[in-house]
C-alpha cells in the first residue's frame with residue numbers, strides 16, 4: 001500500500017492538541033488500510049517566533065517542500081499581539097501560503113443532522129446545508145503593495161493595496177467551476193463590483209471562464225448581500241468563489257451554520273507542490289492545554305488530505321463516517337454543548353473516532369446511510 005510523508009505544524013494554542021488528534025486518526029487509517037504515514041514536525045507562528053526568532057523558519061519551509069502534504073494546527077495569540085508586523089504569528093501563515101503557492105482554499109460547510117440544534121439559526125434553515133467556499137489565497141489586500149504605516153507632515157497614515165492579476169482570478173474561478181461540475185452545478189461568484197475596480201475585473205473573468213462550463217450555472221452576488229444570504233437562505237449555495245479577504249470573512253460567518261468553528265476543515269491547494277490542510281478555527285489560547293478543544297475540524301482536514309492529496313477516497317470516507325458516528329452517538333465537545341449530548345474531552349472524542357475508523361467497513365457506512 002502507500003507510503004506518505006506528512007509535515008505537521010502544530011503552531012500555537014490548541015493547534016498542538018487538535019493536530020495530535022488528527023495524527024492519531026491518520027495512524028488508525030494506516031493500520032486499517034495498510035498505509036504507512038510518516039510524520040515530521042516543524043515550527044510556525046508564535047512558537048516559531050519564540051524558538052527561532054521568525055514566524056516561518058527556513059527549516060519548516062524546507063520540510064514542507066519535501067513532504068507529500070502539510071497538516072497545520074493554528075497560529076496566533078495575545079502573547080504576540082504587540083510584536084512588530086514582521087514578527088506576528090500570522091505572517092508565518094501568510095508566508096507559507098505564498099511560498100508553497102497555495103492559491104485555492106476550499107472550506108466545506110456541512111450541517112450534520114445530529115448538530116442541527118447546535119446552530120444559532122432555526123433548524124429548517126440549516127438542515128441539509130452543504131456548500132463549499134473557494135477562497136483565493138495568494139492575492140488581494142493581504143499581499144498587495146504598498147502596504148504599511150507612515151507619518152507625513154506629522155500625520156500618521158496607513159495603506160493597504162487590493163491587487164489582482166487576471167491569471168490569479170482565472171485559476172481560482174476555474175477551480176470553483178471544476179468543483180461545481182461534480183456537485184450541484186452552481187457557482188456563486190462574490191465580489192464588490194459596484195465599487196471596486198478589482199471586483200469588476202473579477203466579474204469579467206468569471207464570465208469568460210463560465211463560457212467553458214456550459215453545464216454549470218454562474219451567478220454574481222455582492223459581498224454584503226452574500227453575507228445576508230448566508231443567514232437568510234444558506235441552502236441556495238453550492239460553490240461560492242471569492243477573493244481573499246471576502247472569503248476570510250464569509251467562511252467564519254458560515255461556520256456558525258454548522259454550530260461551531262470546531263467543525264470546519266479546510267484545504268489549501270498548491271499548483272505545483274504539497275497542499276496544506278488545517279482547521280478553520282483559531283488557536284483559542286483561553287482553552288489551550290485544557291483538553292477541551294474540538295478536534296473534529298482537524299480530523300476532517302486530514303480526511304480532505306487523504307482524498308485530495310493522496311487519492312485515498314475510501315480512507316477519507318472512513319474518517320468522515322467515524323466522525324458522523326461519534327456525533328450520532330451524542331458525543332459533544334464543550335463548544336457543541338448547547339446541542340445536548342454527552343460532553344467529552346478532546347482525547348475522548350479522538351479515541352472514539354479512532355476506534356470507529358479501525359472498525360470501519362463499507363457495509364457499515366451503507367447501513368448508516370440507508371438507516
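Using the three backbone atoms N, Cα and C, a Cβ is placed for every residue, glycine included.
Feature annotations, courtesy of Swiss-Prot:
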- 77-90, 282-294: NAD(+) binding site (BINDING)
- 97, 107, 135, 224: substrate binding site (BINDING)
- 142: site 'Important for catalysis' (SITE)
- 192: site 'Important for catalysis' (SITE)
- 224, 248, 252: Mg(2+) binding site (BINDING)
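Cα separation, residue 284 (NAD(+) binding site) to residue 107 (substrate binding site), rounded: 20 Å.
With 97, 107, 135, 224 listed as the residues that bind substrate, the site has a largest C-alpha separation of 27 Å. Comparing C-alpha positions, residue 288 (NAD(+) binding site) sits nearest to 252 among the recorded positions 97, 192, 252. In terms of C-alpha distance, the listed binding-site residues 97, 107, 224, 252 place 97 closest to residue 89 (NAD(+) binding site). A count of other CB atoms within 10 A of each Cβ picks out 89 as the most crowded of the binding-site residues 77, 85, 89.
Burial estimate for the binding-site residues (97, 107, 135, 292): highest at 135, by number of other CB atoms within 10 Å. Just so you know, of the binding-site residues 81, 248, the Cβ with the fewest other Cβ atoms around it within 10 Å is the one at 81.
Using CA atoms as reference points, the binding-site residues 107, 248, 252 were checked against residue 85 (NAD(+) binding site), and the closest is 248. It is 224, among the binding-site residues 224, 252, whose Cβ has the fewest other Cβ atoms within 10 Å in the structure shown.
Closest in space to residue 248 (Mg(2+) binding site), of the recorded positions given as 77, 81, 97, 142, 292, is 142, taking the CA atom of each residue. The most crowded of the binding-site residues listed here (284, 288) is 284, judged by how many other CB atoms sit within 10 Å of its own CB.
Excluding 224, 248, 252 themselves, the residues of that chain whose CB lies within 8 A of the CB mean position for the Mg(2+) site are, in sequence, 223, 227, 245, 246, 247, 249, 250, 251, 253. DSSP assigns residue 142 (site 'Important for catalysis') to coil, not to a helix or a strand. Taking CA atoms as the reference points, residue 97 (substrate binding site) and residue 142 (site 'Important for catalysis') are 11 Å apart.
Counting Cβ atoms from all protein chains shown, residue 142 (site 'Important for catalysis') has 19 others lying within 10 Å of its own Cβ.
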